[in-house]
Amino acid sequence: MLDQQTILSPILRTYDLKAGYEGKTILNGVDLDVGQGEFVALIGPNGCGKSTLLKTMARILTPTSGVAELNGRAVHDTPTREIAKAMALLPQTPLTPDGLTVRELVAQGRFPHQTLWRQWTKADETAVHDAMEATDVLQFADRPVTALSGGQRQRCWIAMTLAQDTDVILLDEPTTYLDLKIQIDVMQLLSKIAAQGRTLVVVLHELNLAAAYADRVVMMRDGAIVHQGHPAECITAETLEDVFGLRARVMTDPDTGRPVCIPMTGPAA
Amino acid sequence: MGRLTISFALTAALVVLAALFHMSVGAKAVPLSEVTGAFTAFDPTVMDHQIVRALRLPRAVIAIFAGAALGMAGAMTQGITRNPLAEPGILGVLKGAAFAVFICVGFLGLVSVAWIPLVAAIGAVISGAIVFAIARAAPEGATPVTLVLCGAAILAFLSAVLMAVQLLDETTFQNLRVWASGTLTGAKLETVYWALPWGVVGAVIAVWIAPRVTAMAMGDEAALGLGIDLTKTRAWGFGAVVLLSAAAVSVAGPLEFLGLVVPHMARMIVGADYRAIVPYSALLGALVLLLADIAARTVLAPAEISTGIVLALIGAPVFVGLIRARL
């Protein structure tokens, strides 16, 4: 399907991106192109740099060298509010303010579109309503977010990023800490969002979720991209061994044609 | 939205009622009808009208002004530090004001009481600037944690120095002891004119950045994703805290506790959005300080207790009750 070569006008791209924490380099020069409407999953072992890559693209981290571009503009040199109109971010562990209602939380997504003179418009109202409808949280609209379950909360956070009304949404491990059924619900929701034309870049821990839903998996190791492509081509016993050091059997889901990884749990031969 | 409007209207009405009651109590009780009469049908020959206008009104105005400023300062402090235990005092701002006043009185031979408001305000601004500068110099910059830590360090340092100078020379500072506990005694309306510009600028900044502060409550990463400049917003918020505290401390001394309690009460009533919390904390702060000052003047009448002491004495159990009721 979509791969590096076929993306003629990427919406999001990085050139030789290097970044890290406190002098320690984690990203070793990453080149990544993401096409309009693509659903890209970043996967790899802990510490491989997938979250660092996402955070650098999201301008939470400043690159030590290289560039991240959104619609051809350097993310780190463009006013942060301009970026926020085109790219939303769902962090891994956002804080839920005590007493904030679902509607108020989702409404935060409208921040980049508001000015001092136009605080709340019909467009804001519509965007918030549509986002809550798409994520099926309308029935909780006036309840405090803290009173909801983990899965319901995650839908509210996704609604907030939808209300931001951006072409690109970055999500940092949106399924962590959720039950398997809820993980599937969240992934189905993200698929639906991607199918409506938004571009999603998602850091995922769970290989099988990436395999089942992403248009492209980007496999990282030691701060670099080592394999990428459609899950059916890219996720194989060899690449899993190479990227994760994991011995696994890769089978094909007869319904979807997507690969399924089954780690070898028996005693080592 | 309806619930919010009702909360604001009710509280505003309570502020007016408390202010009228505040002006009626004192060494000479003035009936409420005469208090309202002093404004609706002022008669210079009526003694009660003169008392209300010349003596009682300034004190009520100062209570409203200082309470509102401290309420907003407290809300902003808790917002930018994301810390429910934070208050302007913990950022060292109030102690800085007290320190400046003590230094000027003790060592620079300042005698005129008229200068205390200005000195206090300048002291608050300088100590605030020092705290912010030290926090900025930390490797991670002015974050909620570094701000509170630097504030606590400056607060401890200033407290120690203040304690030492007071022990060294008790007589000089005798007159300042009441002021240093926070008081509305001897309040003059002129001091409000001095303090008003600081307070108004601080309030405008606080209201302006309130939406960002709400978003920042969701964590730094979420706020960054929404296009909020964290460093800039914290700097503005801190500036608002300093200006509002300077305004309050200059007219009422370093009143502690109000800035801690009022935002919590505000949050229980109007929710988690700082667009509502900031203005509501102003109303609630005014109400609470009016009530505390009424108690300060009536509990041990004819003697008067320091308003700051009453605030803590009555406020602490009330606050504990509120927290328990909520759990």
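Using the three backbone atoms N, Cα and C, a Cβ is placed for every residue, glycine included.
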Which listed span TrEMBL calls transmembrane segment, if the choices are B:28-50, B:235-257: B:235-257
Non-local residues, at least 6 beyond the ends, that sit with Cβ under 8 Å of the transmembrane segment (B:89-108): 73, 77, 115-116, 119-124, 126-128, 130-131, 147-148, 150-155, 158-159, 161-162, 165-166, 169, 172-173, 176, 179-180, 238, 241-242, 245-246, 249-250, 253-256, 259-260
Top Cβ-contact partner of the transmembrane segment (B:114-135) among B:57-77, B:192-214, B:235-257, B:277-296, B:308-325 (pairs under 8 Å): B:235-257
Chain residues outside the transmembrane segment (B:192-214) and at least six past its termini with a C-beta under 8 angstroms from it: 58, 61-62, 65, 68-69, 72-73, 75-76, 79-80, 117-118, 121, 223, 228, 233, 236-237, 239-244, 246-248, 250-251, 272-275, 277-279, 282
Candidate ranges B:235-257, B:277-296, B:308-325 - greatest C-beta contact count to the transmembrane segment (B:57-77) (under 8 angstroms): B:277-296
